[in-house]
C-alpha cells in the first residue's frame, strides 16, 4: 500500500484502500511502477466515474461525437482491424504442447512483453477499472480488473460488462480474479496505435493475466471479451463446468411457456440472425457460462452488451438491430464511414455517400491503399458496441437472474451445401456432443479462403479461443452432461443447403426450426428416427410454417431438405475421424460415437440407397 500511496493522488488512493485485497494492491503497485503513467484514475461503480471515462475518450481524441445524441465513432489503425492471430499467444510452462493452439514458452513471453511495456504509458493516463463476468454476487461471478491507457477500451467495457468495484470490496482478500494489462502504445495523429510491429497479445494461463500492447482493435484489447474467454475456458475445464462461445435466447412456446436455448455457430453460420428472430427474446449474443445447479444445466450471459459486426445490417433483414442503431442510446461505432456526422456501412441497404472519413482517413470512392486494394466505405469487420438494454426484445429478467436460466436445448449451427439437414435432434447427450458439437464445420466462401467449398473444422465454434487440449475440453463436456439429472436436448442446424446452386431454405425458415425444437424439448411432437438423429415430421412442420410464417410448406421441399444424404454424411465422418485420430488424448467415446453413426448409415444405405427420403423412414 505504501507504494500505491506514493504513485497515486489521495482521492484515487482512497478508492483502492477501500478494497481489502493485498493481492490486488501488490499487482497494481507492480504494474503502475512498470508502465509509468503520468496520471492514474481509478473507476468505482459510480455514474460520475463512468462519465469521466466517456469524456476522456472524446478529450483524448479516441472517439468523436456523431450527429445523433450519445453516438460516437472510434477508428483503429488501417492495419489494426481484426484479431491478430499470429501475435496472440498462450504462455505455457516449458514442454507443454496444445494442438491447434499458438503457444509460447511462458518465461520467454513474459520477458518479451515486459520489455515492450516498460514505461509505455509515459505521458498518458492509466484507467483502472473493475468488472465482473456473469451476474454479481452469484455462483457464476468472476471478478476482473482492467488496466488500460485507452479511454475507448474502458468506455467499451462499461457498455459490455457489469461494474465490479463494489464486488471487489465485498469479496475481500481473494486471489480469484482475472487481470488485464493493456496499452495502445504510441499514437499517430489520428489517435490510433502506431507501432504495430510491436503488437502483442500474450495470455498467461498460469497467472490468469492477459497482456496486450500496441493495438486498439476491440478483439485484441477489450480484456473481458475473447481474452478473458481463454482464461474462463481453462477454469471451466479445471472445475467441471462450461464456458462457451454461444448465444442465449428464449423461445416462446404455447400458452406463454418460456424455453431457453444456447447456440454455438462459427462466423457466417447464422448465429446473430437466430438470436435476433423478431418474435423471440434475446438474453445474450456471444458468451455464456453453464453450470450444474442441483442436477440442472443453468446458463447466464457473461456480458450485458453487444460488440457486433455492422456489415450488412439493413432494415429489412435486421429490423431490431436497425432500430437500435438509429435510436439515441449510447453506441460506439467503429471503423465505419462518417459523413456530416452520420455513420454509414457496407450493405446497409441505403445509398452511401461518395466521400467522408473512415478507417483509412479521408475517403473517396475508388481510393486505394498502398497495396493497391480498393478501400470500401467501411471495414468488413466494422463494429457497434451497445448495451443489451437498448434492445426491445431483451429478456431482462433472464439477463439479471443471479441463478441463471434452465437450458432446455443446445444448438450447434454448421454451414454446408449438401450434408446436414436443416434441423435434427441428437439421440442423447453423448451423440449430440460428438456428432454435432465436436464435428462442427463451416463452409468458407470464396472471399475468405480463395476456394469455394472448403470446410473449416471448428468444434463447438471455439477453436480460435481454446486454451486447453481439445481432448480435455471434449472430455469435460461429456462429463458435465453425465452428472446432470436433467440434460438439455442437443440439436444441430444448417441453414445453407443448396441444390443446383439454389438455396433450399429461406432466411426466416429458422424461426420454424426454433419452434419445433421448443416443442421437442417438452415432448409435444413426435419425430422420425434416422441414422443421424431425430428429424421433424412433415405434418408438424406444415402446421408450424402456417402458424409462424403464414406460409405453405410443400411436401417436395420437405423431402429435398430432410433427405438423408448418406455419401456426404459418411465423407464427413471420415474427415472428422482423420482430424481427431492423430491428435492423441481424445476420449474413446468420440471414436465410438462416430463408428456407431457410420454403421447406422451403412445399414440404412443397404436398405434404402444413397439418398433416403424421410417418408421411407416413417
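Residue 1 is the first one shown; counting continues down the chain.
Keep in mind that glycine also has a Cβ here, set from the backbone N, Cα and C atoms.
According to Swiss-Prot, the feature substrate binding site maps to 83, 217, 218, 219, 267, 381, 382, 383. The Mn(2+) binding site annotation in Swiss-Prot covers 226, 245, 286 and is backed by sequence analysis. The annotation GTP binding site is assigned in Swiss-Prot to 268, 269, 270, 271, 272, 273, 383, 415 on the grounds of sequence analysis. The feature active site is assigned by Swiss-Prot to 269, with sequence analysis given as support.
Secondary structure from DSSP puts residue 383 (substrate binding site) in a beta strand.
Spatially, by CA atoms, the binding-site residues 218, 226, 245, 382 include one closest to residue 415 (GTP binding site), and that is 245.
Of all the binding-site residues listed (218, 219, 270), 218 sits in the most crowded Cβ setting, with the most other Cβ atoms within 10 Å.
Ranking the binding-site residues 272, 273 by other CB atoms within 10 A of the CB puts 273 at the bottom. Across the residues the record lists as binding GTP (268, 269, 270, 271, 272, 273, 383, 415), the two Cα atoms farthest apart are 23 Å from each other. Recorded residues residue 267 (substrate binding site) and residue 286 (Mn(2+) binding site) have their alpha carbons 11 Å apart, per Cα-Cα distance. On its own chain, residue 271 (GTP binding site) has 247, 263, 264, 265, 285, 413, 461 as residues at least 6 apart in sequence with a Cβ closer than 8 Å to its own Cβ. Among the binding-site residues 217, 268, the residue whose Cβ has the fewest other Cβ atoms within 10 Å is 268.
When the Cα of residue 268 (GTP binding site) is compared against those of the binding-site residues 217, 219, 381, 382, the shortest separation belongs to 381.
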